[in-house]
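The block underneath contains the structure these notes are about, expressed in structure tokens.
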């Protein structure tokens, strides 16, 4: 088995509302893994306050001391002036690179310092990527809907040299809303939600009328019910220009997932063995359809495409 050259592993920001102690323990474990880049911060809901900016900076410094690249992620959907004030504080701190997840963050960062364009920024073409690069984007995290063919076309047509990062594992974020789905499930108003999302460390499963898994509710965010698992598609991702594979944290086994991907990149394990190992660690059924231009829920596209 050959090593896959020039690819790095990243760990995306935690999507769920965990306790401060659990978050600190989680990153202590992450620091001992072979992940290269770690994204930190609250990206889903500004009402989640268990971790303050000072806490995230403390974690970032710890990870940097362990040789990781720490990146601070911004909210995907800032809604209030208070959200924008926190965003300005983050930008002005200038302590770590920033992943901008909406245009207000990009507006504050533009031509001021290099930044990562996060997966929640709508970028689906080479001209858009070149425009973002002109504003200072040094790395682009492709939206989950970007197929292999779309990404390859962008790679060939773009003029900029931004790194390309793509989700390789985890529940994919599908949408955000001004409404809180978890609060609505509990018949609560968003402003009096009681932080019920904290009761669901991996999101709240929603099923169809016939009992089939449909989506996961995570406060104002919806996610795929299934876990994106592209362990069998890494070669095609590299061919399409992806140089960074993103893993999205889950409540358990994240360190084992990182190490499995690291073994895959270093040639210690093959694609099928890696895929099966990851299926044993993930908290829901696998899917890989988005990458291959099929329905996202598809779970056999990776085999058919090889």
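Each Cβ is built from the backbone N, Cα and C atoms, and glycine gets one as well.
TrEMBL does not curate its annotations; it predicts them automatically.
According to TrEMBL, the protein has these features:
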type	residues	note
BINDING	45, 180, 193, 197	[4Fe-4S] cluster binding site
Other Cβ atoms within 10 Å is the metric here; tell me which of the binding-site residues 45, 193, 197 scores highest.
197
Check each residue in the chain of residue 180 ([4Fe-4S] cluster binding site) that is at least six apart in sequence and keep those whose C-beta is under 8 Å from its C-beta; list them in sequence order.
45, 190, 193, 197, 219, 220
Taking DSSP three-state, what's residue 197 ([4Fe-4S] cluster binding site) in: helix, strand or coil?
helix
Cβ within 8 Å of the [4Fe-4S] cluster site's Cβ centroid: which residues qualify beyond 45, 180, 193, 197?
17, 47, 48, 182, 183, 190, 195, 196, 219, 220
